[in-house]
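Trainee: Please read through the structure below; I'll follow up with questions.
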Amino acid sequence: MPSSTAMVPGTRGGWHCLVLTTAAALTQLMWLPGCCGSYIVGGHEVTPHSRPYMASVSFEGHHYCGGFLIHTHWVVSAAHCFSDRDPSMGLVVLGAHALLAPEPTQQTFSIAAAVSHPDFQPATQANDICLLRLNGSAVLGPAVRLLRLPRRNAKPPAAGTRCHVSGWGFVSDFEEPPPGLMEVEVRILDLSVCNSSWQGQLNPAMLCTHSGDRRRRGFCSADSGGPLVCGRRAHGLVSFSGLWCGDPKTPDVYTQVSAFVTWIWDVVRASSSPGSTGRSVRAV
C-alpha cells in the first residue's frame with residue numbers, strides 16, 4: 001500500500017517515522033469495508049458544477065486524487081499522487097459533480113505527461129506539486145472553467161482568512177462515496193504556529209489551515225491535489241494531514257501555490273499543446 005512519511009524527533013535523540021494521511025495512502029483500500037476514512041471532514045455537498053475548475057484523477061476506474069484546471073491542456077495536482085503510480089495509466093475527468101453517475105458535462109482525458117517538481121521530497125512532502133498535461137484540449141463552458149493562480153511569490157493569505165477546500169473523498173469510514181463534490185470552509189493558520197504542531201518539519205513553501213473552532217473540519221485522503229481557494233484563487237494545494245483528519249492537533253498542510261507559479265508557467269510554455277487545433281487558454 002503506498003504511503004508517505006515525515007520524520008519527527010524520537011524520544012532518544014533519534015528519528016521516528018510519522019505516517020501522513022495522503023491520497024495515495026488509503027485509496028487502494030477504498031473497497032475494503034471498515035477501512036480508515038478518506039473524506040472532506042465537516043463539509044457539505046456543493047451546488048452541481050459550481051466549482052467547474054475541479055478535476056478528478058482516477059486509476060482503474062476509481063477516483064484517486066483531485067486536481068484543478070489552469071489551462072485548456074494542463075491540470076495541477078499533487079506529486080505524491082504519482083509516487084508509485086504510472087501516470088500514463090490514469091485518467092483526468094473534468095466537468096463532474098457525481099463521479100459515479102454519467103453526466104453529459106464530463107470530459108475525460110488520458111494523461112499525456114506528468115511533470116513533478118524536480119525538488120519534490122517524498123519523505124517530507126516538500127515541493128509536493130505536479131502538472132498533468134492532457135491528451136487533448138478541454139472545452140470550456142459552464143461546467144468546465146479555469147481556476148486562477150495567485151501572483152508569483154505573492155504572500156499567503158493572512159492568518160484567519162476564510163478559504164474553501166473541495167474533493168470527492170469518502171463521507172464515512174465505511175467506503176461510502178459522496179453524492180457529489182464536497183466542500184468545507186477552513187481558516188488560514190499562521191505557519192509558525194502550524195510548524196510547532198508538526199515538530200518543525202514544515203517549510204516556507206507550505207500553507208496550513210484549521211477549523212477555527214473545536215469542530216473537526218478539513219480534508220483527508222483522496223482529496224490530495226485539490227485546491228485551497230481563497231478569494232477565487234488557488235492559494236494552496238492539498239498535500240497532507242495527520243492521522244485523524246481535521247484534527248486541530250495536526251493542522252492540514254498544503255503546498256503554497258504562489259511559490260511555484262513561475263515554475264508552473266515555465267513548464268507550460270516549454271511544452272507544446274498536444275492535439276490542439278486552436279488557441280490555448282490559460283487562467284491569469
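Glycine is treated like the rest: Cβ placed from N, Cα and C.
Annotations per Swiss-Prot:
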ACT_SITE  His80  active site, charge relay system
ACT_SITE  Asp128  active site, charge relay system
ACT_SITE  Ser224  active site, charge relay system
DISULFID  Cys65-Cys81  disulfide bond
DISULFID  Cys163-Cys230  disulfide bond
DISULFID  Cys194-Cys208  disulfide bond
DISULFID  Cys220-Cys245  disulfide bond
DOMAIN    40-269  domain 'Peptidase S1'
CARBOHYD  Asn135  N-linked glycosylation site
SIGNAL    1-35  signal peptide
Trainee: Any idea what DSSP makes of the residue listed as 'N-linked glycosylation site', helix, strand or coil?
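Mentor: Assignment for the residue listed as 'N-linked glycosylation site' reads coil.
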Trainee: For His80 (active site, charge relay system), just give me the three-state DSSP call.
Mentor: helix
Trainee: Considering the disulfide-bonded residues Cys208, Cys230, which residue's Cβ sits among the greatest number of other Cβ atoms within 10 Å?
Mentor: Cys208
Trainee: Rounded to a whole number, how many Å is the Cα of Cys65 (disulfide bond) away from the Cα of His80 (active site, charge relay system)?
Mentor: 10
Trainee: Fewest neighbouring Cβ atoms within 10 Å: which of the recorded positions Cys65, His80, Cys194, Ser224?
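Mentor: Per-residue Cβ counts within 10 Å for the recorded positions Cys65, His80, Cys194, Ser224 bottom out at Cys194.
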Trainee: For the disulfide-bonded residues Cys81, Cys163, Cys220, Cys245, which one has its C-beta crowded by the most other C-beta atoms within 10 angstroms?
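Mentor: Counting every other Cβ within 10 Å of each candidate, the maximum falls on Cys81.
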Trainee: Quick one: which of these recorded positions, Asp128, Cys208, Cys220, Cys230, have their CA within 10 A of Cys81 (disulfide bond)?
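Mentor: Checking Cα-Cα distances against Cys81 (disulfide bond), the recorded positions within 10 Å turn out to be Asp128.
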Trainee: Just to confirm: which same-chain residues, 6+ apart in sequence, have a Cβ under 8 Å from the Cβ of Asp128 (active site, charge relay system)?
Mentor: Ala78, Ala79, His80, His117, Phe120, Leu237, Ser239, Phe240, Thr255
Trainee: Would you identify the secondary structure of Cys194 (disulfide bond) according to DSSP, in three states?
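Mentor: Cys194 (disulfide bond) sits in a helix per DSSP.
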Trainee: Find the one among the recorded positions Cys194, Cys208, Cys220, Ser224, Cys245 whose C-alpha lies closest to that of Cys163 (disulfide bond).
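Mentor: Considering only the listed recorded positions, the nearest one is Cys208.
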Trainee: May I ask for the distance between Cys220 (disulfide bond) and Cys194 (disulfide bond), taken between their Cα atoms and rounded to an integer number of Å?
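Mentor: With distance taken Cα to Cα, Cys194 (disulfide bond) is 17 Å from Cys220 (disulfide bond).
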